[in-house]
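Here is the structure we will look at, set down as structure tokens.
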């Protein structure tokens with residue numbers, strides 16, 4: 001073979017060897033990639049399995065963890081919406097809900113330690129008070145009892161012993177019965193409180209009934225006054241202004257009686273007072289005109305629609321968007337949480353049913369009106385204006401029964417709130433008596449204003465007039481003209497209606 005052919009043959013062999021070696025190298029790479037792909041899939045599968053198992057374990061563990069940890073449903077204290085009006089617990093709701101200790105600024109452990117220390121000191125004071133009572137030193141005993149009550153106001157033994165002291169040494173059986181009632185609320189099996197309550201309950205009920213009979217007699221005496229009597233007309237017009245002045249004043253409005261009168265008569269602004277204070281007066285004015293025109297002599301039930309219409313006018317100048325609408329947010333007051341917005345529909349439906357139930361109509365009108373006020377102010381269905389609306393409802397019910405509207409004086413606001421709190425704790429009778437006392441003072445003022453005889457000035461008139469019987473600022477005097485313009489309209493007086 002020639003050298004050229006031999007060279008060509010050797011080159012061909014070399015190329016075949018090179019090609020064969022490259023093929024083996026590419027095959028190895030493909031096998032390596034297949035192996036790495038399978039390994040990557042295995043790694044991802046293992047990691048995914050571990051992650052899934054971990055998540056399953058966490059989800060399975062979470063419920064048991066939540067069950068052992070006390071939940072914090074409430075936001076931080078600085079985000080709480082604090083309402084300015086009092087409310088009480090509804091009788092048909094099971095119990096009050098209190099804010100967690102973490103929100104009241106004092107550690108729970110320190111609170112418990114302070115409570116135990118106060119209780120020990122209270123019991124020591126109680127022991128000495130009982131000794132002073134036996135020695136006939138009633139003044140010292142009274143101060144010691146009051147000190148013990150201030151330290152531990154919910155201790156059943158202190159409540160019972162203090163009640164016995166009031167009943168036997170102070171002849172105050174009504175307050176004594178209330179303390180026996182409170183003691184049984186804390187400890188229903190307290191033997192002494194049970195025995196005392198069995199003795200006093202019927203007596204106190206009889207006294208309450210006599211109070212209502214006295215109110216009925218005064219109401220009947222006022223009903224005998226001719227509707228066109230000049231004194232009655234002046235009294236009605238002044239009561240209209242006084243009701244607005246005191247009702248907004250209870251909620252913190254700083255307008256004086258003269259300024260309130262000026263706004264209602266002239267509709268002119270008062271210097272130095274906020275727009276909201278003006279609008280609160282105008283809103284209550286509109287609500288009372290609506291009540292006089294529609295509800296006082298309405299021969300039908302009072303419905304939720306009526307309540308919403310009252311509230312729509314109460315807030316009509318302050319917050320027209322919220323006026324006549326149930327609140328849509330949770331609100332908080334002190335240590336109590338009112339019903340949530342989701343419960344308002346059913347609670348207000350129950351309230352409407354109670355308001356128009358035959359059993360409710362059988363109550364004395366003053367008790368019925370006071371309880372309606374109590375129930376509505378607890379449910380707190382509105383974002384604002386609950387107290388004003390509740391007082392308007394109470395007076396609507398009283399006027400439909402022939403009573404004048406009750407004037408709850410702003411200087412008695414703390415007593416008013418205290419009695420609501422007592423009702424919150426389970427005994428509504430003190431609040432009913434408070435409303436009865438306000439009703440009697442108002443009746444006395446009407447009777448004095450319409451009487452031709454020279455009677456002493458009623459207590460309410462003395463407080464408002466500062467002892468000046470004929471003072472023009474008060475406007476209830478029998479002599480001279482009324483301080484309210486005669487042309488202010490029929491809606492500018494509170495009229496006494498009749499029961500349907």
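Glycine is no exception: its Cβ is also placed from the backbone N, Cα and C atoms.
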Would you please say which range out of 247-252, 253-258, 259-264 has the annotation motif 'Inhibitory (S/T)XXXE(G/N) motif' in Swiss-Prot?
247-252
Rounded to an integer, what is the Cα-Cα distance in Å between residue 380 (active site) and residue 251 (ATP binding site)?
15
Take the repeat 'TPR 2' (156-190) and average the pLDDT across it for me.
95
Under DSSP, is residue 417 (ATP binding site) part of a helix or a strand, or is it coil?
helix
Count, for each of the recorded positions 251, 380, 387, 389, 391, the other C-beta atoms lying within 10 angstroms of its own C-beta, and report the residue with the smallest count.
251
